[in-house]
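Have a look at the structure below, then the notes.
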Amino acid sequence: MSEEGSPMYSPFFGVMGAASAMVFSALGAAYGTAKSGVGISAMSVMRPELIMKCIIPVVMAGIIAIYGLVVAVLIAGKLDEAPTYTLYQGFVHMGAGLSVGLSGLAAGFAIGIVGDAGVRGTAQQPRLYVGMILILIFAEVLGLYGLIVAIFLYTKTSS
């Protein structure tokens, strides 16, 4: 055991924060991409000219993984060995990773479901496209909220 505020297991929590940021965000992005991709594939049989217009849900789902990557890289850059890496830093980094990771997971699920239904509906009624985009923006913002909170938490360990 090292100092009181810095036990030897304190970096474990930072590593778990970085891992959870990337893993959960990637899971959300993968689900959103897969679910939207299935909808685009089904829609393109009837209306192949709409493929490029309806690729937006897949792009938005991919952005969710970038949020997790940014936070994971930030946390990994601050990781250090136990005497210099405190338990406080480990817990804050874990909170930041869970914040962006779980919000990315939720956003990816929302983007996938909305994207799937939206592109299928757009194939039948093109006026639904604008509504789908608006709903996708609101789903994407869920992941952005997690990124903002994670960066805010991350900055608390800088001083």
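In case you wondered, yes, glycine gets a Cβ from its N, Cα and C as well.
Topology check against Swiss-Prot: Leu87 and Ala123 carry distinct topological domain names and occupy opposite sides of the membrane. For the topological domain 'Lumenal' (154-159), the number of residues in each DSSP class (helix H, G, I; strand E, B; coil) is 2 helix, 0 strand, 4 coil. Using DSSP to sort the residues of the topological domain 'Cytoplasmic' (33-54) gives these counts of helix, strand and coil: 19 helix, 0 strand, 3 coil. Within the chain carrying the transmembrane segment (55-75), a Cβ under 8 angstroms from the stretch's Cβ atoms is held by residues 14, 17-19, 21-26, 28-33, 36-37, 39-40, 93, 96-97, 100-101, 104, 107-108, 111-112, 114-116, 118-119, 132-133, 136, 139-140, 143-144, 146-147, 150-151, 154, all 6 or more beyond its ends.
Around Glu140 (site 'Essential for proton translocation'), taking its Cβ as the centre, 23 other Cβ atoms fall within 10 Å, counting all chains. Under the three-state DSSP scheme, Glu140 (site 'Essential for proton translocation') falls in the helix class. Using a Cβ-Cβ cut-off under 8 Å and counting only residues 6 or more beyond its ends in the same chain, the topological domain 'Lumenal' (76-93) has close neighbours at 2-3, 5-15, 17-18, 153-154, 156-157.
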